[in-house]
């Protein structure tokens, strides 16, 4: 099996001054993940590496750069899933750690549970030796500014919900194993303790070697209502291609509950899709040593991996 990785940096509205940072962030993440796959590494390591790269990039709403809750704090959710045995680990409402996706993987591998939240996740992180960092270190000036604006009496919270909300990756490795990873800071000015789709298996992501892997982004509550990731795999099980399955599920979510979002998909045969119903979604993929990426509908830039690495 030829390895494939697809990543997204969130679906929504990406402002002009942030487009270049979003494009370079997703391409960097995809190249990092693909490098692991090319060396014979597994899909799980590849998606974790790609998402870690975006958590560390302040252009994205995950890790450093996460949006703030109503109290001006960062609370993050993440999930990782192994398509080989349907093992999964997730964390929700976690604070003061740089990479929630790494903690999610520890939940999967070091506990008998699938999801740890808030204080319990904090205690587990401590027990695992995960470094604690000051919450301030995760807050960018942009996140603070948007939080302040939302507190103003004439602000429109719906406008801020259009901002890109998540990062994610899906991959298939040489052995034919698939995996997904998704991480987010959630919604700007959300209630303390709000958990969206990203930490919820079947909504924020799903991976099954029998079908493929999905990572989602967009309005979390809508995706939870339709269990978006698993819905797409269901359509693929019925014979749809990744593109058809993604479009069908996104259209259902829009017509049934008025929700917009985006998804990345890889099938167990190595076909992939990056589809969205929002105005934009930053995405990148590497397959057959060829990098492709874009932000707008119909926008696809292509270069060889060698050229991309040179320019980086």
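In case you wondered, yes, glycine gets a Cβ from its N, Cα and C as well.
Here TrEMBL flags 166 as active site, nucleophile. As annotated by TrEMBL, substrate binding site applies to 194, 195, 196, 197, 217, 218, 219, 220.
TrEMBL feature annotations superimposed on the structure.
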{"residue": "166", "record": "active site, nucleophile", "Cβ neighbours (10 Å)": "35"}
{"residue": "194", "record": "substrate binding site", "Cβ neighbours (10 Å)": "17"}
{"residue": "195", "record": "substrate binding site", "Cβ neighbours (10 Å)": "20"}
{"residue": "196", "record": "substrate binding site", "Cβ neighbours (10 Å)": "24"}
{"residue": "197", "record": "substrate binding site", "Cβ neighbours (10 Å)": "32"}
{"residue": "217", "record": "substrate binding site", "Cβ neighbours (10 Å)": "32"}
{"residue": "218", "record": "substrate binding site", "Cβ neighbours (10 Å)": "29"}
{"residue": "219", "record": "substrate binding site", "Cβ neighbours (10 Å)": "23"}
{"residue": "220", "record": "substrate binding site", "Cβ neighbours (10 Å)": "29"}
Whole-number Å value for how far residue 166 (active site, nucleophile) lies from residue 195 (substrate binding site) (Cα to Cα):
13
Rounded inter-Cα distance in Å - residue 219 (substrate binding site), residue 166 (active site, nucleophile)
10
Distance between residue 220 (substrate binding site) and the residue listed as 'active site, nucleophile' at the Cα atoms, whole Å?
10
